[in-house]
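K.L.:
Please see the structure below; I have some questions.
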């Protein structure tokens with residue numbers, strides 16, 4: 001099983017096309033001469049490219065490999081994750097997008113300064129940078145998952161492929177800005193769909209048709225029913241996937257800078273909302289394709305997996321082995337699937353580069369340096385994107401030397417999405433939360449996240465190191481006695497105390513950590529003196545509590561939720577001049593034209609516009 005000339009050509013075309021898109025937008029239009037164009041695509045993007053870019057941002061090579069492997073090993077229970085997509089995308093569309101878009105922000109963390117203070121903004125920015133560094137290990141993960149495949153199957157030089165991918169990704173991100181990133185995401189999403197679809201169609205045909213695939217999966221107990229077990233320690237149930245998954249989706253599609261930046265690049269708020277809606281069917285298609293690929297794998301191998309036979313060393317490599325096994329007699333299709341995998345990696349990493357350059361520029365440099373010209377600010381933004389790309393390559397090289405321990409440590413940083421979600425929810429939904437409560441809540445959420453993450457990792461390590469008793473040497477004293485002893489040896493008691501916390505399903509991490517931030521933040525806010533309505537910018541509050549507490553008299557709802565009455569327009573605060581004042585005081589340079597544009601924006605008070613986005 002080796003690559004043909006056609007396979008190599010298809011793979012090279014992926015890299016050339018991606019680089020070409022970046023060069024096109026680097027030398028066309030405004031030529032990326034302003035930070036507005038480089039970081040936000042001049043706020044001119046339409047619905048289709050934004051929605052496909054939102055989909056591609058976190059549809060990495062790891063996800064393409066992981067979903068089929070999960071289905072092959074554990075069955076279709078994972079498909080119920082799709083139930084979380086509805087609320088996980090509906091809430092961002094009608095709460096987070098209106099708040100961020102009407103504030104006319106460049107960085108999500110500018111909101112934290114408007115709502116709380118500069119210190120909260122800096123802490124949120126630094127936390128996000130750590131979170132996105134987690135995605136930098138997409139290169140090492142591709143290293144691990146493709147190691148067997150790239151060297152022994154395709155004949156590629158591993159580091160040659162990784163270096164080529166890294167340089168191409170850095171090139172089009174640093175030169176073409178967000179517009180190039182979005183349009184390459186569109187191209188790479190199409191490649192991802194084509195690669196997965198090719199494997200499913202060919203594999204199903206070779207297995208005897210979809211009916212035969214389904215029959216073998218049923219006979220092998222791979223078609224899972226609805227598991228309503230409420231135990232949060234169970235790895236996958238309807239509740240962990242359908243409810244816990246909502247908080248995971250909110251952390252990704254509600255407050256993550258990489259996604260919010262795409263919303264803000266839309267030409268209007270309505271386009272941003274429609275882009276979020278369009279992600280829903282696309283996510284369902286991606287999830288279904290992953291499940292189908294896993295079922296086709298099971299129909300081909302059954303219980304005699306390539307992993308058990310020693311052909312591969314991990315479940316994820318088994319997916320790659322399956323692809324080459326199915327497509328080996330069809331020149332071009334193996335190359336298409338490799339292009340599919342690398343497209344997933346490129347889209348994820350380029351999004352990380354661009355979002356990190358944005359928050360570094362807007363949150364860490366502009367507020368703390370002397371005013372700079374637009375040309376200098378744009379050049380610095382490009383250098384930041386280039387710098388993050390080089391750092392990513394360096395980390396990939398170090399991880400390849402140090403092995404999986406570093407990769408496991410880096411993956412812990414992915415858990416900080418929950419605390420960041422909690423921080424934004426604390427600010428938007430609880431008007432009495434203050435800056436002190438936000439800081440203490442964020443720190444508490446991060447401590448909880450690291451505690452659970454590291455404890456769970458060490459617990460699994462110690463469990464795998466324990467010697468396992470061989471039940472085959474049990475004295476033959478009767479079938480009943482042997483069965484009883486085997487049950488006692490192999491059954492595991494339900495964890496209790498701290499061990500129960502370490503055994504929490506990973507799907508609940510985001511919900512648990514965000515709840516920690518909100519609860520601790522509210523307690524500290526009440527102890528240190530809650531915020532008053534006159535001290536708040538109305539554009540930063542979404543009056544969800546006022547709507548939930550509809551049964552209370554109006555005056556109590558106003559006092560409790562700090563919401564300006566809908567009919568009292570004298571209290572409306574225009575948040576755009578307020579935002580400009582806060583930014584200008586931090587030394588950010590604005591041209592006269594930009595200032596006029598910003599001050600002409602309509603008021604951002606969501607208490608007066610909430611009905612516009614109601615379902």
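Counting begins at 1 with the first residue displayed.
Even glycines carry a Cβ here, placed using N, Cα and C.
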K.L.:
If you check TrEMBL, which stretch out of 405-430, 535-560 is marked transmembrane segment?
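P.N.:
Comparing 405-430, 535-560 with TrEMBL, transmembrane segment matches 405-430.
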K.L.:
Counting Cβ pairs under 8 Å to the transmembrane segment (78-101), which of 6-27, 276-299, 437-458, 506-527 comes out on top?
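P.N.:
Stretch with maximum Cβ contacts: 276-299.
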K.L.:
Check the transmembrane segment (236-255) against each of 47-66, 190-211, 437-458, 506-527 and return whichever range has the most CB pairs under 8 Å.
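P.N.:
Selected stretch: 506-527, with the most Cβ pairs under 8 Å.
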K.L.:
Between the transmembrane segment (47-66) and the stretches 6-27, 190-211, 276-299, 437-458, 506-527, work out which stretch tops the count of Cβ pairs under 8 Å.
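P.N.:
Maximum Cβ contact count belongs to 276-299.
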K.L.:
Looking only at residues six or more beyond either end of the transmembrane segment (6-27), which have a C-beta under 8 A from one in the stretch?
P.N.:
154, 164-165, 168-169, 171-173, 175-177, 179-180, 183-184, 187-188, 191, 331-332, 334-336, 338-339, 342-343, 346
